[in-house]
Amino acid sequence: MSPKMLIPLVLAVVLLSTGLMQSSHAQLSSSYYSSTCPSVQAIVRSGMQSAVQNETRMAASILRLFFHDCFVQGCDASVLLDATSTMQSEKSAIPNANSLRGFDVVDTIKASVESSCPGVVSCADILALAARDAVVLSGGPSWTVMLGRRDSLTASYSDANANIPSPDDDISTLTSKFQAQGLSTTDLVVLSGAHTIGQARCVTFRDRLYNEDGSGEADPTLSTTYLQQLQSICPSSGSDDNLAPLDVQTATKFDNAYYVNLLNEQGLLTSDQELFSSNSSSIVPIVKKLAQSSSSFFSAFPTSMTSMGSINVLTGTNGEVRLNCRTIN
Ligand code: HEM
Ligand SMILES: *[C@@H]1O[C@H](CO)[C@@H](O)[C@H](O)[C@H]1NC(C)=O
Ligand SMILES: *[C@@H]1O[C@H](CO)[C@@H](O)[C@H](O)[C@H]1NC(C)=O
């Protein structure tokens with residue numbers, strides 16, 4: 001073979017091997033169940049519709065469940081596994097215990113999916129679809145969900161503690177926890193916009209109100225009126241489970257008010273307000289743009305959700321399709 005003919009051959013080998021090394025999300029497909037369970041999208045949507053109709057907050061709870069799944073071993077439904085005698089659950093990890101909600105809703109949806117298409121649709125894919133439907137039902141954008149994830153055989157209590165960001169993380173910790181998942185600072189800002197819906201417990205923001213960084217003072221990046229409002233919900237001790245909306249303006253509507261709140265020093269968690277008040281020259285412009293333009297937020301959110309939804313997915317013959325989301329087969 002002449003050297004000239006070798007060039008395309010070498011190119012082909014390089015292209016093929018980089019293709020194989022690409023993140024496994026290349027293996028997900030929007031039509032994954034089109035012949036094996038064509039009704040799956042309608043079943044999940046109708047399950048989410050009933051759940052949100054019964055309790056508006058459930059949209060937020062399911063969206064968060066998907067995030068907490070993806071940040072631990074990837075989007076593999078590991079968060080849904082109950083503890084066994086040999087395995088601690090992710091549910092009992094610090095960020096999740098007495099906090100994550102929606103497991104019963106997932107069980108109900110899984111049962112309906114199983115009755116139409118037994119043994120076909122993974123819990124991980126159900127969660128990805130349900131999270132999208134949660135956003136749509138709250139007035140947010142829709143998108144095509146990539147499918148074909150399989151369910152894990154294990155959970156990781158220790159990774160749940162280590163990987164999931166904490167409400168008092170600063171901007172550099174938040175950035176590095178997202179980077180560790182292959183997500184960018186843009187993804188961090190855009191996905192934090194999920195806090196346009198849902199509630200947080202007093203215990204997750206109390207220190208900001210009374211004793212920021214051990215100072216005995218409130219966090220100076222909290223607007224005065226908002227501080228007073230939060231103090232009336234969350235006393236300096238007790239009432240740990242009292243709830244405040246993550247978006248003080250439009251608590252149940254999926255919109256870009258979250259970012260406007262940050263500009264007004266009305267972010268609920270330290271991790272929210274840090275996106276603006278740490279004055280990061282690369283991040284503040286993103287916050288401002290999303291605050292200014294609802295359509296930028298609505299086009300960015302699906303993109304970042306698709307990236308988050310492809311973290312370390314199990315595909316092909318890896319993992320399994322669980323029959324019950326709480327236990328391995
Ligand atoms: C950037 C780092 C993040 C931190 C530190 C964080 C932290 C928190 C905390 C502490 C709560 C309240 C939990 C409780 O009081 O029990 C919460 C709620 C929530 N989070 Fe995040 N979160 C982050 C990112 C995200 C992302 C990426 C999503 C989804 C894409 C998300 C979705 C939600 C939702 C929807 C709620 C409300 C849940 C409900 O009402 O049941 N969060 N988050
Ligand atoms: C409806 O929501 C309430 C909480 O508001 C909950 O206790 C109940 O279990 C839910 N019912 C169904 C069928 O999901
Ligand atoms: C950010 O900028 C504001 C306004 O200039 C200033 O008051 C604040 O101290 C700065 N914060 C930090 C963390 O540098």
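Each Cβ is built from the backbone N, Cα and C atoms, and glycine gets one as well.
HIS68 (active site, proton acceptor) is surrounded by 21 other CB atoms, counting those within 10 A of its CB over all protein chains shown. Here TrEMBL flags HIS68 as active site, proton acceptor.
If you look up TrEMBL, you'll see ASP69, VAL72, GLY74, ASP76, SER78, GLU90 marked as Ca(2+) 1 binding site. A sphere of 10 angstroms centred on the C-beta of GLY74 (Ca(2+) 1 binding site) encloses 22 other C-beta atoms.
Taken from TrEMBL, the feature substrate binding site applies to PRO165. In the three-state DSSP assignment, the secondary structure recorded for PRO165 (substrate binding site) is coil. Long-range Cβ neighbours of PRO165 (substrate binding site) (same chain, at least 6 residues apart, Cβ-Cβ under 8 Å): PHE71, THR173, LEU174, LYS177, PHE178, SER271.
Counting every protein chain shown, 23 other Cβ atoms lie within 10 Å of the Cβ of HIS195 (heme b binding site). TrEMBL lists HIS195 with the feature heme b binding site.
Taken from TrEMBL, the feature domain 'Plant heme peroxidase family profile' applies to 27-329.
The Cβ of ARG64 (site 'Transition state stabilizer') has LEU100, ARG101, GLY102, ALA194, GLY198 as same-chain neighbours under 8 Å, each 6 or more residues away in sequence. Residues or ranges marked as site 'Transition state stabilizer' in TrEMBL: ARG64.
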8 Å Cβ shell about ASP69, VAL72, GLY74, ASP76, SER78, GLU90 centroid, Ca(2+) 1 site members excluded: HIS68, CYS70, PHE71, GLN73, CYS75, ALA77, VAL79, SER152, ALA155, SER156, ASP159, ALA160
Three-class DSSP secondary structure - ARG64 (site 'Transition state stabilizer'): helix
Between HIS195 (heme b binding site) and VAL72 (Ca(2+) 1 binding site): CA-CA distance (Å): 20
C-alpha spacing of HIS195 (heme b binding site) relative to ASP69 (Ca(2+) 1 binding site), in angstrom: 17
Inter-residue Cα distance where the pair is ASP76 (Ca(2+) 1 binding site) and HIS195 (heme b binding site), in Å: 23
